[in-house]
Amino acid sequence: KTKQNKKQNKTKRQIQTTLEENTWNTNYQKIPGRMNPECIVNSSKEFMKFESGADLLAKHGDDEKCIDEYEQEDEELILHALDWKKHLTLRAVIVGSILGALGGIIILQISLLSPITPSLNVVFSIFSYSIIRLIVRLGCSNLRFTMQENTIAQTLAMTASAGSQSCGYATWYAAMMPIYGGNTGRGDGFIAATVDTMNFGRLIGTSFSVLLPGVFLLTFLNKFFATNEKLPFPSGTAAGVTLAAFHEGSKETVKLVKQQLVSFGKWFSMSFVWTTLTSIFGIPIGSDCGNALPIFGTDIASKFYGWGNWDYNIIFIGVGLMLPIDFVWSVVYGMIINCFAFKPWIAEHGIDLPYPSVAAPWNATAQQAANAAGAWFSTSDTMLDGRHTPAMRQAYAYRVFAFALVLLGEGFFVIAQCIHAAYVALIKNRTNKDKIGHEESVQEGSDSEAIQALRVAKRRMAVVDRGIPITKKVALASFVVLGVIATVIMSLLYPVPWWLVLVSFLVVAPLIAVPNVYFIGLQDQDVSAILGKVPMFFFPMIASAYYEDPVKGIIPGLVANSAVIGICGQAGFLMQDFRTAYLTETSPKAMFYGQLIGSLIALVMGPVTWTLFNHAFPVLGVSGRFGNLANAPAYRAIAMVGAFGTDILPKNCILICGTGMALAFVIAFVREYAPARLGKYGWLIRYILPSPTAMGLAFYMNTGNGNSDYPVGAAIGIIWKLASQVDYENFHRIVAAALISGASIAALIGGIINIFGVDLGIYCIQFTAAHSS
């Protein structure tokens, strides 16, 4: 008995040592069967299910034989996971393509209205599972429905829909639209050189250039990122856990899926009907008719720049329900400061003295008058040369640059954080060996769960090691070749120096892609747009110097930046999916091909969707319910400053907004590192100190364009969570997705009807003061 106890202790030490050193070689120490009271047989909630030792002995008899059969079973599971052709099925491609096309409409609709786009990974997981399961039950296909096939369908849908965002239709491309050329300096000569119109063929070429290189850029790093425990990839992990729970096959899971689908249908219908009714009764397309309900009265709304106006937009309510509560609180915090302090303060420093021209300052006499009045900018609508005063030379500049430089401040913090993490990893000689899930799967006094952790992790790592989609050399060579092809295409489509595009594709984009993926893995936030604003200052500056004309530097700056945003965003989305594949033991090669197919679908569907929106809503870019284009003005503003220099900005704009950038860096630093120092009260920091990005968003966006709807969605979520946390966790993403989907589809249908000259607006519901006529 003593000898047996010593042997048990020795075996436990071997298990612990293996976990600590994280060794995953195939010749790992065999664990005797008699030391394993429970062995692992089938998939379950945590990816595996236990079976009692007594049952195992009755089945297998000898303990060593039991272990040998389990090793053989593991090898069979690994071989199944490596057989990518069984995962990438025709029905998975069809289902994923349909979901991706619909998701692309939703993502584009959100990006037109809001700078924040929530993740739909879990939603696509649920719908791909439900649709393929229905196909199997109807007898349309006899193939066995596996978790790996479900993963491919979900990944393809996510990649295809995310392409609408990565292409940058609502960001850099929208910044070239004539509406923004007009807003920032009207006049035929100025507009012709700073705006661009796009046909469908050019959209296809642009989509090809910015989407496909991102698929190859970081593919060879999937093992490092997807298996790194320091990078949880929340959305990718949530999708993996959800898929595993679905394929457990329990009655509770099937019942939950049915309830989720019923809930989606109910809230989708409500959202669709509500959006349709608001389109008919009171909100003609392109007007502000009925867009604002003054919750605190018309006097407060007019005095404090729309404070308290609620535009009851279902899309924003759904987004608010998905967003973290501290983020929504930060939006409210920024909205209060903006309406009650920042805007009134800036408005006090305007004077009705016209500028001579687009970039020329006041003459000496006018400057003296402005200084005497304490004025910083002109409030005159026209300049002395007859042109419209550029918005970037008025109060609008303070709003836009407060937003842009706050994003830059947090972007610099992200870069510093990534450099610090890389330095620490280098000093401590950390490698990319996987440790994920050990803390959760190893419990004291449970040999079986320690063995389970070893087996599951060994099997997953074997799939990653043996299922390399493409080699490093092939990936890099493909990226370079596609980058060169994209450079040629973009140079032919736009008036931009080819070498500037080449540098942005092959140098700047890879430098930003790595920290962007790191931040997505860390906080589930795509910061490619934030980081991409850093080179946005330099691209127009370089192009202006090359052409010796600042006017000709705006479009090249925006086009060069498209590569940074598109490639980095696409690479980040794909790494999320690699984490899902790692957890569900899906072939990396099948994932890569699925992502490639999804990108090709996005390459076509993105231009189609944008063309539909552009024709359906001819007033895109005008403040209104269907086409606010929340991101475009900030991109154009940065490009203009890069081209014309800071002299185009009003007085003290750089000083004020630069101070905001420094504060954003400090706040981001405190929010990241202070909670760990404060122990159990650390979570309060994220509510006391606002998120710089969220607060900057409130500074830029009008009060009625989402800022008032995000809190409504968040308040619903808080009340729901307090009432029933289980129901909230199971249904809040589904309800939010239903609200967003219903409103988006209704808006698109209404816009398509508008193409045929039918305006749905019948009545105009407006809210005015009682004493007004």
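A Cβ is built for glycine as well, from the same backbone N, Cα and C atoms used for every other residue.
As annotated by TrEMBL, transmembrane segment applies to 88-110, 116-136, 200-221, 312-336, 400-426, 474-493, 499-520, 553-575, 596-613, 648-671, 683-701, 734-756 (among others).
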Tertiary contacts of the transmembrane segment (88-110) (same chain, 6+ residues out, Cβ under 8 Å):
116-118, 120, 124, 127-128, 131-132, 135, 141, 143, 149-150, 152-165, 169-170, 315, 319, 590, 593-594, 597-598, 601-602, 605-606, 609-610, 613, 740-741, 743-745, 747-748
Looking at the stretches 200-221, 312-336, 474-493, 499-520, 683-701, which one shares the most CB pairs under 8 Å with the transmembrane segment (648-671)?
683-701
Same-chain residue ranges lying at least 6 outside the transmembrane segment (400-426) that approach it to Cβ under 8 Å:
230, 342, 392, 514-515, 518-519, 527, 529-531, 533-534, 633-634, 637-638, 641, 649, 653-654, 656-658, 660-665, 668-669, 672, 692-693, 695-697, 699-700
Same-chain residues at least 6 beyond the ends of the transmembrane segment (474-493) whose Cβ lies under 8 Å from its Cβ atoms:
202, 205-206, 208-210, 212-213, 216-217, 219-220, 501-502, 505-506, 559, 562-563
Mind checking which residues of the chain, 6+ beyond the ends of the transmembrane segment (312-336), have their Cβ under 8 Å from one of its Cβ atoms?
109-110, 113-114, 116, 118-119, 271, 274-275, 278, 293, 625, 686-687, 690-691, 693-699, 703, 706-714, 716-718, 732-733, 735-740, 742-744
Residues of the same chain, at least six outside the transmembrane segment (553-575), with any C-beta under 8 angstroms of its C-beta?
158-159, 162-163, 165-168, 171-173, 175-176, 193-196, 206, 209-211, 213-215, 217-219, 222, 225-226, 233, 236, 486, 490, 494-497, 500-501, 503-505, 508-510, 512-513, 516-517, 520-521, 526, 528-529, 531-532, 535-536, 539-547, 595, 599, 635-636, 639-640, 642-643
For the transmembrane segment (200-221), could you work out the same-chain residues 6 or more beyond its ends whose Cβ comes under 8 Å from its Cβ atoms?
163, 166-168, 173, 468-472, 475-476, 478-479, 482-483, 485-486, 489-490, 492-493, 505, 509-510, 513-514, 517, 562-563, 565-571, 574-575, 592, 595-596, 599, 602-604, 606-608, 610-611
